[in-house]
Amino acid sequence: MRFIEEFINKGYFHQCTDLDRLTAITKETKIAAYIGFDCTATSLHIGSLMQIMILRLLQQHGHKPIVIIGGGTSKIGDPTWKDEVRKILSKEDIAKNAEGIKKSLSKFIKFGDGKSDAIMLDNAEWLDSFNYLDFLRDFGSYFSVNRMLTMDSVKLRLEREQHLSFLEFNYMLLQAYDFYYLSKHYNCSLQLGGSDQWGNIVMGADLIRKISGKEVFGMTTPLLTTSSGAKMGKTAAGAVWLNEDLLSPYDYYQYWRNCEDADIVRFAKLYSEFTQEELNRFESLAAEDINAAKKQLAYELTKLCHSEQAAKSALETAVKIFEEGQIDENLPTVVLEQEVLQAGISAYELFYEAGLATSKSEARKLIRGNGAKINDRLVADENMIINTNFLLDKKVIKLSAGKKRHILVRV
């Protein structure tokens, strides 16, 4: 199966500037294509997983993935579909975040000097040295303000009478220049991104055509939500991070294990590398087979992101907790100072400190709603004092929020 054919078959396709021509070119030759990522966190989360899998697919078909870390544009902020002005990051924050993002990506694609090896570039390398007057003189006449004002991302903010700074308005010019720069210096002929980036991508392709006459393309993916309408990558407990220092492999496994029934087939297509025969089996699942399919999906996606050993460990932990009622050492763990437990801490504060609630009021609400357990016993009193008497044989306290979120507290 060719790259574009598989791209469409997996459900990645939304829009392309010239699909027929791009299909023909990618059949004849290998291309370089890029996707940009913001530098706003020290890890990517599953909201970026489709883009990452596309980079992986590119590489598997012998094309060269280029990853752009927006070290330059992160200093401004992309207004695309954002309701508010974005916080501007320091150079130190951007450098730290870029390192974490490369760690996320390295789980899925190979970086190096080979023909199809991925490269990662920071657009600060060329944007930081910009002379503003030179930029206006050399490129300003190629951009139409009339057209920019019609873009949905800008129009939405204007219609809501929300602040749109000139700083942010320049973002689309800089992203267009990124594409031009990569086309000129790295022979990049394709920019990929979410459907919300369509306007920015087309501006870049137009800029290249006007200046150099090169044939380049833009292709976008659909914006994804779960079947219930929730945004991919976010849960009530926070983001589903790819790096294990922010989210344990067990919690990553549990996210996929607990996906909605209606999402199983779609997630298997988008995020796994199951064969077509295996996908066909997913599509014809009987009701009694759904849980087994979810376990298989969670296992494969955890193996892909972390390792086979991490997936096995997560599966074994889940079996011990949910099927055998045991405590497993591989559960996520937080450490509490011994002095705190000796003095005693209220139940609601313990759930908050352990990260099972985002606020103390949320922890109280959890307990009042009969959703909290300590050592598998329901917590009836939010002010109940938890001390060293609650430590089990392994010197841990097991906290549970609902049926599916568990954590061990150690001293």
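Backbone N, Cα and C define each Cβ position, glycine as well.
The annotation L-tyrosine binding site is assigned in Swiss-Prot to Tyr34, Tyr171, Gln175. Under DSSP, Gln175 (L-tyrosine binding site) is assigned to a helix (H, G or I) in the three-state scheme.
The feature ATP binding site is assigned by Swiss-Prot to Lys234, with sequence analysis given as support.
Regional average pLDDT for the domain 'S4 RNA-binding' (345-411) in the model is 88. Positions annotated as domain 'S4 RNA-binding' by Swiss-Prot: 345-411.
Feature annotation from Swiss-Prot assigns motif ''KMSKS' region' to 231-235.
Cβ neighbour counts within 10 Å, taken over all protein chains shown, single out Tyr34 as the most crowded of the binding-site residues Tyr34, Tyr171. Between the two most distant C-alpha atoms of the annotated L-tyrosine binders (Tyr34, Tyr171, Gln175) there are 17 Å.
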